[in-house]
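Engineer: The following feature annotations were taken from Swiss-Prot:
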- R288: active site, proton acceptor (ACT_SITE)
- 15-20, 39-54, D223, E389, 405-406: FAD binding site (BINDING)
- H244, T256, H355, R400: substrate binding site (BINDING)
- H47: tele-8alpha-FAD histidine (MOD_RES)
Amino acid sequence: MSSIRVKQYDALIVGAGGAGLRAALEMAQSRQYKVAVVSKVFPTRSHTVSAQGGIAAALGNVVPDKPIWHMFDTVKGSDYLGDQDAIQYMCEQAPPSVYELEHYGLPFSRLDDGRIYQRAFGGHTRDFGKEMARRTCACADRTGHAMLHTLYQKNVEAGTHFYYEWYGIDLVRGAQGGIAGMIAMNMETSELVFFKSRATIFATGGAGRIYETTSNAYTNTGDGIGMVLRAGLPVQDMEFWQFHPTGIYGVGCLITEGARGEGGYLINKDGERFMERYSPHLKDLDCRDVVARSILQEVMAGGGVGPKKDHVLLKLDHLGEKVLRERLPGIIELSEKFANVDITKEPIPILPTCHYMMGGIPTNIHGQALTVDENGKDQIIEGLFAAGECACVSVHGANRLGTNSLLDLVVFGRAIGLHLEEALKTELKHRSENPDDIDAAIARLKRWEKPNNVENPALLRQEMRKAMSEDFGVFREEQKMKQGLERLQKLNERLQRAKLTDTSRTFNNARIEALELDNLMEVSYATAVSAQQRTESRGAHSRYDYKERDDANWLKHTVYFRDGHIAYRPVNMKPKGMDPFPPKSRD
């Protein structure tokens, strides 16, 4: 085994977004455990900062609401692929989780009576779909920003140890099974360190950078997914990628669904509010997969605007400048900067943009990572946990409802912390590491400096994103996906011959981007293989050649292993103390 420095902790959190900070805080506040957070960016620059719309919770501050209505909407929104035990837990924990954030100091927008302001959001209804709910707790249109700063400050108070600008290279398995920790690199010096931990928690976020147009930050490169797959562990439901309906045309930056929740609506070239045709009941506030497909169908039918007739418009000016500046100040700024549009006077050009990864590392409601044994049974991976976008509990199924993402972060980040407070007392011990994993991580680093390698990693990344966008976008079909998989296979062969031109050791961003490319390719492969084998349309996975949902054959989770093997897990239809919501049409 290669000799590298070792740092030892009770719990190691990888990623400093909402999920990572919430998990860290739960343990650090107990003052019982040594907790470290490793992040490749400063914590308040994590991607949670870009979440605009709010966090869902059935508080009933504006109109009466119930957690069971929230649960119904989430199950239906997931196109019935969400696990109902996990969804029930999340929706019931939503109100106390929001009040907890309020007590931490998160500056929510307020109603006149001082209670938390709540706005309407797509797919959220009252009384099992009868009318729109006001469920989204908002801090203007910067809720994620406020949450991240609040949680970071509380972690500083609690004494959490931060390693920011450190990059996770690979997991280290235990010699007798389980996970012993992770190899990470100090981005400032390129020093490698083995973080040995009793519990390793992945909160590494999404991987939207596999697509050309995305709302995701440059840092969202699927690092946790790549590390898990290289460790021989599976990921789940990777065919499901949410394309947010309202990305700024040509850029991909997000216009929050809260803009439509406040009363904005989509129009075509004739100024028609076309969502009234596609979704007469919920209109512009239908589920995101429905609205995104409707926009593209409208464009293909000739309703597009602009010189290329290839996008539509989001109208907000009718709301008035006072409302816009009070409720959507960030959108005013974004639109001016990236679309050169004054939303108080004119509509915003928009087109769907890759936004969210519904799949990820399979877990239970305690955040414990799972694999599937040869008999198809769930097996807990000792010492490994996951929460947030890199995890698949699964509360989002085939399509996520807006504002359930921030809720997912805090509920399951907290759940991991609560579980570990007890598990670290008795169950979880330090494991002897597998030396081969440390050697393999070092070899992966050295591969990029082989003198005979010639391929440019930056060009390979461009070609990969182009292949994913063209062959695995909003609409899919067999021949295109087969073509896309062949393109990825050739790119992967070239990737093994890629070379760094800059081999310096100090803040070498080219080295980090090359390592990220390994992870992006792992995510792309998982997406491509999973998408090709699911012969139905469900939620965000929409196929021209299989247009209907097929519950008889496909009401199950796909579990992908790195060798291309696909296993399956049943959807959990057993909420506690109540009957499940049976699959129905979402029309």
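Glycine too: its Cβ is placed from the backbone N, Cα and C atoms.
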Engineer: Give the residue from the binding-site residues T256, S405 that has the most other Cβ atoms within 10 Å of its Cβ, counting over every protein chain displayed.
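Structural biologist: Checking each of T256, S405, the winner is T256.
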Engineer: If you compare CA-to-CA distances from H47 (tele-8alpha-FAD histidine) to each of the binding-site residues G53, H244, H355, R400, which comes out shortest?
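Structural biologist: For H47 (tele-8alpha-FAD histidine), the closest Cα among G53, H244, H355, R400 is found at H355.
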Engineer: Using a 10 Å cut-off on Cβ-Cβ distances across all protein chains shown, tell me which of the binding-site residues (G15, G53) has the largest neighbour count.
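Structural biologist: Result of the Cβ crowding comparison: G15.
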Engineer: List only the single closest residue to A19 (FAD binding site), chosen from the recorded positions H244, R288, R400 by CA-CA distance.
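Structural biologist: Nearest in space to A19 (FAD binding site), counting only the recorded positions, is R400.
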Engineer: What Cα-Cα separation, expressed in whole Å, is found between H244 (substrate binding site) and V49 (FAD binding site)?
Structural biologist: 17
Engineer: How many Å separate the Cα atoms of V41 (FAD binding site) and H355 (substrate binding site)?
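Structural biologist: So the alpha carbons of V41 (FAD binding site) and H355 (substrate binding site) sit roughly 20 Å from each other.
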Engineer: Spatially, which candidate from the recorded positions T256, R288, H355, R400 is nearest to G15 (FAD binding site), comparing Cα atoms?
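Structural biologist: Answer for the nearest of the recorded positions: H355.
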Engineer: What are the other residues, in sequence order, whose C-beta lies within 8 angstroms of the center of the C-beta atoms of H244, T256, H355, R400 at the substrate site?
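Structural biologist: Leaving out the recorded residues gives S215, Q242, P245, L254, E257, R288, Y356, G402, S405.
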Engineer: Considering all pairs of residues in H244, T256, H355, R400, annotated in the record as contacting substrate, what is the maximal C-alpha distance expressed in whole angstrom?
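Structural biologist: Max Cα-Cα spread across the substrate binders: 14 Å.
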Engineer: What subset of the binding-site residues R45, G53, R400 lies within 10 angstroms of R288 (active site, proton acceptor), using C-alpha positions?
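Structural biologist: Qualifying among R45, G53, R400: R400.
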Engineer: Measuring Cα to Cα, how far is R45 (FAD binding site) from T256 (substrate binding site) in Å?
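Structural biologist: If we compare the Cα positions of R45 (FAD binding site) and T256 (substrate binding site), the gap is 19 Å.
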Engineer: I need the least crowded one of these binding-site residues (R45, H244), counting other C-beta atoms within 10 angstroms of each C-beta.
Structural biologist: R45
Engineer: According to DSSP, collapsed to three classes, what secondary structure does V41 (FAD binding site) have?
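Structural biologist: Its secondary structure by DSSP: coil.
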Engineer: Compare the Cα of T256 (substrate binding site) against each of the binding-site residues V49, G53, S405 and report the nearest.
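Structural biologist: Going through V49, G53, S405 one by one, the closest to T256 (substrate binding site) is G53.
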Engineer: Taking the Cα atoms as reference points, how far is H355 (substrate binding site) from G53 (FAD binding site) in Å?
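Structural biologist: Between the Cα atoms of H355 (substrate binding site) and G53 (FAD binding site), the distance comes to 13 Å.
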Engineer: With every protein chain in view, what's the tally of Cβ atoms within 10 Å of the Cβ of the residue listed as 'active site, proton acceptor', excluding that atom itself?
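Structural biologist: A count of 26.
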